[in-house]
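Engineer: Encoded as structure tokens, here's the structure I'll be asking about.
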Amino acid sequence: MVLAAVVYCFLAQTINEFKYNGGVMKKYFIWLLVFTVYAVFTVGWVSTGQLMPSIQHELSINTQQATLITTSISIAKIFGAFLAGWLVFKLGMRKGYFVGCLFISTGVFLSFADNYYAILIIRFLQGLGSACALVSLSPVTQKYFSGRQKNLFVSINITSNTIGNIIALLSAGWIASKIGHWQQALSLYSWVNLVLILIWLIVTKKEERQDSPILMNKKNEFISVLKNRVTWGMVAYYIGPILFLNSSFLFFPTYFQEYSGLDKNSLAIHLAPALVSVAMLFAPFFGFWLKRKGVYFKRMFVISPVLTAVAGIILLVSKNDAVIMTASVMAGFFFEMATPFLFNLPVDMHNGSVEKTSYTMSVFWSLTYIIVNVNNEIIALSVDKTGSFTFGFSYMFVLMALFVPLSLWILPKREYFIKE
């Protein structure tokens, strides 16, 4: 606590000396803060998988127990997304975001955790906080930007997870080797997040009085979100695509290494899952460009899943390295190019507000994580029962075919949204 107080005072003095040009630089700085918070969390999350052999060896745990250290975060996100909405409801955006993200920083205690269950509890708490950070990306952006800038930065928000994933894949082992131990390496990311949210608390201090809307208005807005067709249409659309996204790093590596029948020296075995992530890094910019050109979001919600499914099927059935790697890039790109349209829906609603966007994303992510965790278990169970991924991957594409049309029926027409 003393260290945190010292850091806070130092940051306050430093930031107060920084002169913003009429607030113009400030909004970019605040956006970069919330973007970096989730990216840094992702580095720590993905790094856990990279360091899993060391964790298993030191704690003397089996593979199932080790996997739970990572999956506990996904489970916690279900509750964390609801927590994010509740915190904004009770405390407002500024304090709600800070308190929520404090849960991520409980990872600083990983250095002192001396048993498996202590680590499991800390990771669960971090999962709660990460959901708060994720849910807040769109409403914070909406608060500080408008028009095309708002749509652009909402689109860029999507890449925070991808950037964190790539950084972890490239540097997790190196950072751990330099620090000397996996516990200190994982706690490092939580210290970084603690500094970032302290900065958030300082730079948004003057806005505290703006975050006190009448409680009844908040309650009415939350109820309206639960009845809103945008909320349920977003959930319906994302059921198939989010399962594809999760499969790219949960199931694809195992599939290519053990079930694809490819030669063990095949480049595709090692590169295909990573290429999906790399393609996802650039696709949102193309999606934003299409949005600016006036492409109708419902049209994109048809094109993107169809192309993703075609490319996904090719990469899963082909035996040619070049074809698999090309299809991997295409699948990742096609999947992600629709997400700027999806995540801009809440911020583009007529009569929208920062709180309404927060509640929408809270409900959306809670339901999405419930569904994706259930579907992940269905795919994993099918592999254990059948000895192949045929049913599991077929099930994934069937979900796309069923729920994408349903989402188009649920979502309102373009007149419901602001035309930029």
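In case you wondered, yes, glycine gets a Cβ from its N, Cα and C as well.
Curation plays no part in TrEMBL annotations; they are all automatic predictions.
Copying in the features that TrEMBL gives for the protein in this structure:
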type: TRANSMEM; residues: 28-46; note: transmembrane segment
type: DOMAIN; residues: 28-415; note: domain 'Major facilitator superfamily (MFS) profile'
type: TRANSMEM; residues: 66-89; note: transmembrane segment
type: TRANSMEM; residues: 96-113; note: transmembrane segment
type: TRANSMEM; residues: 119-140; note: transmembrane segment
type: TRANSMEM; residues: 152-176; note: transmembrane segment
type: TRANSMEM; residues: 182-203; note: transmembrane segment
type: TRANSMEM; residues: 235-256; note: transmembrane segment
type: TRANSMEM; residues: 268-288; note: transmembrane segment
type: TRANSMEM; residues: 300-317; note: transmembrane segment
type: TRANSMEM; residues: 323-343; note: transmembrane segment
type: TRANSMEM; residues: 363-383; note: transmembrane segment
type: TRANSMEM; residues: 389-411; note: transmembrane segment
Engineer: Cβ under 8 Å to the transmembrane segment (268-288), counting only same-chain residues 6 or more beyond its ends: which ones?
Structural biologist: 151-152, 155-156, 158-159, 162-163, 165-166, 169, 245, 248-249, 252-253, 256-257, 260, 262, 300, 315, 321, 324-325, 328-341
Engineer: Please give the sequence-distant neighbours of the transmembrane segment (323-343): residues at least 6 beyond its ends with Cβ less than 8 Å from one of its Cβ atoms.
Structural biologist: 138, 151, 154-155, 157-158, 234, 237-238, 241, 244-245, 248, 262, 267-268, 271-273, 275-280, 282-284, 286-288, 290-291, 295, 297, 300-301, 303-305, 307-308, 311-312, 314-315
Engineer: By Cβ distance under 8 Å, which residues at least 6 away from the ends of the transmembrane segment (363-383) in the same chain are close to it?
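Structural biologist: Residues packing against the transmembrane segment (363-383) from afar: 74-75, 77-79, 81-82, 84-85, 131, 134-135, 225-226, 231, 234-235, 238-239, 242-243, 246-247, 250-251, 346, 389, 391-393, 395-396, 399.
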Engineer: What residues in the same chain, six or more past the boundaries of the transmembrane segment (182-203), come closer than 8 Å to it by Cβ-Cβ distance?
Structural biologist: 4, 7-8, 11-12, 15-16, 26, 29-30, 33-34, 36-37, 40-41, 43-44, 47-48, 51, 54-55, 58, 94, 97-98, 101-102, 104-111, 113, 126, 172, 175-176
Engineer: When you scan the chain for residues with a C-beta under 8 Å from the transmembrane segment (96-113), skipping those not six or more beyond its ends, what do you find?
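Structural biologist: For the transmembrane segment (96-113), the list is 34, 37, 41, 44, 80, 83-84, 87-90, 119, 122-123, 125-126, 128-133, 136, 140, 183-184, 186-187, 189-191, 193-194, 197, 200-201.
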